[in-house]
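These notes are about the structure you will find just below.
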Amino acid sequence: MKFLLVFDFDCTVIDENSDTWIVKCAPEEKLPNKLRNSYQKGHWTEYMSRVFRYLGDSGVREDEMKRTMTTIPFTTGMRDLLDFIGKNKDFFDCIIISDSNTVFIDWILKAANFHEVLDEVFTNPATFSGAGYLTVQNFHTHHCAKCPRNLCKRKVLEEFVDKKLQQGVKYTKIIYVGDGGNDLCPVISLKKDDIAMPRQGYTLEKIISQMSEDLDPVQSSVLVWSSGIEILSHLKLLIKE
């Protein structure tokens, strides 16, 4: 019996958006209007590239960014939840699929000592250039009309599950924990034995709720959460079964 836990990162594992938190490093903790207004829907990674360039031009360096990012708060109960998963790896594989970037997630997980709980982290690759600027690339290319051009989380999830199947691992259930509109595509792909866990009051929960009202519900069970403790309680029940 093996369960796959899939987590979004921003506003799910952590209680903020890491890409907007980094603005605390900017002069006066804000971005120029022209830069802020340059975002185009579906092109977040390109927008963040411009933000990182601005931070670099403003003299913000790696150590300051790291200091700022590691002060980001975890969502209530998430530390307990990740501790529990870490102690029960016989039952759980655990991955993150996020539209953040490798540098931010790595810093935050390592500072909290949770990096070993995760089997894999799928997110936009980032690195510091020789000049000390943070650069970020799109995670992959895909043909999904529902998702931003840099990341289709359903494609990532399906490829991971297929890879594990080839290694002889078939998951009893997939449990998907997220909050945002870009978590809908993978949630729609879940089967009836799986569990979608949208965060209460956030976009994903509102969309799933609207789909049920429109008589077009998702196939999986839906469990709404507001604290990691609620997710933890459910995982305890699952491994008792």
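Glycine is no exception: its Cβ is also placed from the backbone N, Cα and C atoms.
Heads up, TrEMBL stuff is auto-annotated, nobody curated it.
Record features, source TrEMBL:
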type: ACT_SITE; residues: ASP8; note: active site, nucleophile
type: BINDING; residues: ASP8, ASP10, ASP179; note: Mg(2+) binding site
type: ACT_SITE; residues: ASP10; note: active site, proton donor
type: BINDING; residues: ASP19, ASP99; note: substrate binding site
CB within-chain contacts under 8 A for ASP19 (substrate binding site), separation at least 6: ASP10, TRP44, MET48, VAL51, SER100, ASN101, PHE104
Neighbour count (Cβ, 10 Å) for ASP99 (substrate binding site): 24
Candidate with the highest Cβ count within 10 Å, taken from the recorded positions ASP8, ASP10, ASP179: ASP8
Rounded inter-Cα distance in Å - ASP179 (Mg(2+) binding site), ASP8 (active site, nucleophile): 7
Separation of alpha carbons, ASP99 (substrate binding site) and ASP8 (active site, nucleophile) (Å): 8
